[in-house]
Amino acid sequence: MAGTVNPDLRKERENASFHPEKVTNFLYGGPGVVKRKRELESLVLNDPDFQSEDLNFLSREQQYETQMKKSILMVTKGEKLKITDVQDRSFYTSAVSGSDSFSFGLHVAMFLPTLYGQATQEQKDKWLKMAEKYAILGTYAQTEMGHGTFLRGLETTATYDPTTQEFVINTPTITAYKWWPGGLGKTSNYCVLMAQLYIHGKSYGPHPFMVQIRSLQDHKPLPGVTVGDIGPKFGYGSVDNGFLAFNNVRIPRENMLMKYSKVEPDGTYVKPPSTKLAYGTMVQVRANIVVNSGRVLAKAVTIATRYSCVRRQSEMKPGHPEPQVLDYVTQQYKLFPYLAAAYAFWLTGQTMMSVYTTSSNQISKGDISALPELHALSAGLKALSSWVANVGMEECRMACGGHGYSHASGLPRLYANMTPGATYEGENTVMMLQTARYLMKSYNQSLQGEKLAGSVAYLSGVQPVPAAGRTRNMLDLGVLCDAYRHRAARLVHEAAVQLRNERQAGKDQPDAWNAASVDLVKAAMAHSQYFVVKNFAERLTDSTLDSSISDVLTRLCQLHALHGLVTNSGDFLEDGYLTGTDVRQARRHINALMAKLRPDAVALVDAFDFPDGILNSVLGRYDGNVYEHLLEWAKASPLNKTDVHQSYHKYLKPFLEDNRAKL
C-alpha cells in the first residue's frame with residue numbers, strides 16, 4: 001500500500017511520535033476487540049452482496065429499497081455466522097450501514113429493549129422470540145405531530161373497556177397523529193405505542209401498549225389504522241419515518257406492557273413501584289447517542305484532517321511551494337479542538353454504557369437507587385455531545401473548502417443523518433433542564449447535609465475563591481478539573497439562588513423555573529462539561545498506556561479542557577476564580593499544544609480505525625489519492641450516463657433554435 005499512498009500523507013504517518021495501533025487498542029478495549037472488529041468489517045466490505053451504487057445517486061425510493069435489501073442480508077448472514085455478541089453486532093451493523101441507518105434500526109434500538117424492560121414474562125413468551133427472530137417487525141411510536149419531549153402532553157388515548165377487557169385506541173386530533181418513528185412508514189407491522197391510559201373516565205398518564213398495525217399476510221394496514229411515510233427529510237433518505245393514527249382500534253387487555261403498571265380485568269389500576277422505572281430504556285438510548293456523537297465527530301475530523309494534509313493552498317511565503325492546509329494555524333484551530341472532543345466523547349460514551357450496564361443489573365434486582373442520577377447524567381451528556389458533534393461536523397465540512405460541499409466528501413450526508421440527534425430522544429434544551437432539575441434537588445439536599453451521589457458530590461460546597469495573584473500551571477489536569485468543578489458548582493449555586501429569588505418575588509414554581517431557565521441550562525451544561533473533562537483525565541491514568549500514548553492523549557485532554565475554558569472564559573473569570581493572566585496562559589498553551597499535536601494529527605485520526613468503505617469519503621481516503629477519485633466519482637453521476645441529456649431535445653434545443661431564429 002505504501003507505494004500508492006499520497007506522499008504528503010505517507011510523510012505524515014512516518015513522522016508521527018507513536019504507533020496508531022496502540023491508541024486503536026485503547027479506544028476499542030484491547031487488541032482482541034480490534035481484531036474481531038476488523039474481521040467483521042472485512043466480511044462486509046469484501047462481500048459483493050453488500051455492494052451497491054452510491055446512495056447519493058439514487059432516488060429516495062431506491063435508497064429505501066437498497067438499504068432494505070442490505071439490512072435483510074445482514075440479518076440472515078449474521079444468523080448464519082452466529083454473530084450474537086452485542087459488540088460484534090454493532091461492528092457488523094455499522095459496516096453494512098455506513099453513515100446511514102439500518103432499516104430495522106428502531107426495531108433493535110427501541111422496540112426490543114422496551115419488550116425486554118417493560119413486558120411481563122408471559123408477554124415476552126408471546127412476542128419476544130418472534131421479535132428477536134424478525135418474524136414481526138416493530139417500531140416505537142411515541143412522538144406525535146403536536147408533542148414530542150413532553151410525554152404527559154401526548155394525546156393518543158387507550159381507553160379501557162371492562163365489558164370486553166379491551167383497550168380502545170384513538171387519535172382524537174390532528175396533532176395526536178404519531179409522527180417521526182423510524183421504520184413506521186412502510187416497514188413495521190407492530191409498534192410499541194405510548195398512549196394516555198383512561199379507565200372509567202380517569203387519566204392515568206402515558207403507558208406502553210403492544211399494537212399490531214399491519215397484516216402479517218399482505219402487510220396492509222389493519223382496519224382503523226392509518227399509516228404512511230412522512231416524506232423527504234433533511235437526511236436519512238433511506239429511512240421510512242412514518243405517521244400513524246387510530247380510529248377505535250381494539251386490543252386485548254394483555255397488550256398493555258404490564259411489568260410495572262397493571263390494569264386488572266375489572267379495571268383496577270395497579271401503580272408501578274416507582275415512576276422512575278420507565279427511565280431505563282431512555283437512559284440506554286441516550287447513552288448510545290453519546291457513543292454515536294463521538295463516532296460521527298471522529299469520522300468528520302478524520303475526513304477533514306486527512307484532506308487538510310493532501311490539499312495545498314496559497315503561498316505562505318512568496319515564491320515557496322503551496323503549504324499543506326493543515327500547516328495554517330487557523331486550520332489547526334478549526335480542527336484540533338474537535339479532534340480532542342471526539343476522543344473526549346468517545347471515552348465518555350464508553351463510561352456511560354458501562355455505568356448503564358452496571359445500573360441495569362441493579363435495577364433487574366429491584367434496586368432503582370441509581371436511576372435518578374443516571375437519568376440526569378444521560379440527559380445532559382446526550383445534549384452536550386450531540387450539540388458539539390453538530391457544530392463540529394459543520395466546522396469540518398467548511399474546513400474542507402468547496403469540496404466539503406460535495407457529497408463526494410461524505411460530510412453533507414454524515415451531517416444530515418446525524419444532526420437530528422439534537423432533537424430526537426428529547427430536545428436538547430429540555431434535556432438540559434431535566435439535568436438541571438436533578439442538580440437543584442441535589443443542591444438542596446447538600447444544604448440539608450445529605451450525602452450526594454457520585455457525579456454531583458462536588459455540590460456539597462462551592463470552593464472558596466483562591467487568593468488573588470496565585471499562579472497556576474494551566475496545563476495541570478488536576479488544576480483544570482478543579483476549575484471546571486468550581487465553575488459547575490458556582491453556576492448550580494447561582495441558578496438555585498436565581499430560582500429562589502424568583503419564588504420570593506411572588507412567582508409560583510413553574511413561572512419561577514421558566515424565569516430562571518437560562519441559568520439552569522447553563523448550570524447543567526457546566527455540570528456535563530465537568531463530567532467529560534474529569535472522565536477524560538481519569539481514563540489517562542490507565543496503567544496499560546505506554547508513555548508515547550499517554551503523552552499524546554494527555555495533550556488532547558489538555559487541549560479539550562483549555563479550549564472549553566477559553567471559550568467560556570467569562571464563567572471562570574466573573575467570580576475571580578481564574579485571573580486574566582490564567583486565561584492568557586491558557587490561550588498560549590492552546591497554540592503550543594496545537595504545534596505539538598500537528599505532527600501526530602494523521603496518526604490520531606488513523607487510530608479511529610475507519611476503513612474507507614465505512615468512512616465513505618473521497619476526501620478522507622486512507623491513501624489520500626483524492627483528486628483522481630473525485631473525478632471518477634463525478635463521472636458516475638446519473639447525469640453523465642449520456643453525453644446529451646434528454647431534456648436537451650425536449651426543452652433546450654427548441655429554446656436555443658427559437659432564439660437563434662430571432663437574430
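Every residue gets a Cβ built from N, Cα and C, even glycine.
The domain 'Acyl-coenzyme A oxidase N-terminal' feature in TrEMBL is assigned to 20-136.
Feature annotation from TrEMBL assigns FAD binding site to T143, G182. Using a 10 Å radius centred on the Cβ of T143 (FAD binding site) and all shown protein chains, the other Cβ atoms total 20.
Among the features that TrEMBL reports, domain 'Acyl-CoA oxidase C-alpha1' is placed at 279-440.
Per TrEMBL, active site, proton acceptor is recorded for E425. Listed in sequence order, M282, V285, R286, I289, K382 are the same-chain residues six or more apart from E425 (active site, proton acceptor) with CB atoms under 8 A from its CB.
The annotation domain 'Acyl-CoA oxidase C-terminal' is assigned in TrEMBL to 477-656.
In the predicted model, the domain 'Acyl-CoA oxidase C-terminal' (477-656) shows an average pLDDT of 96.
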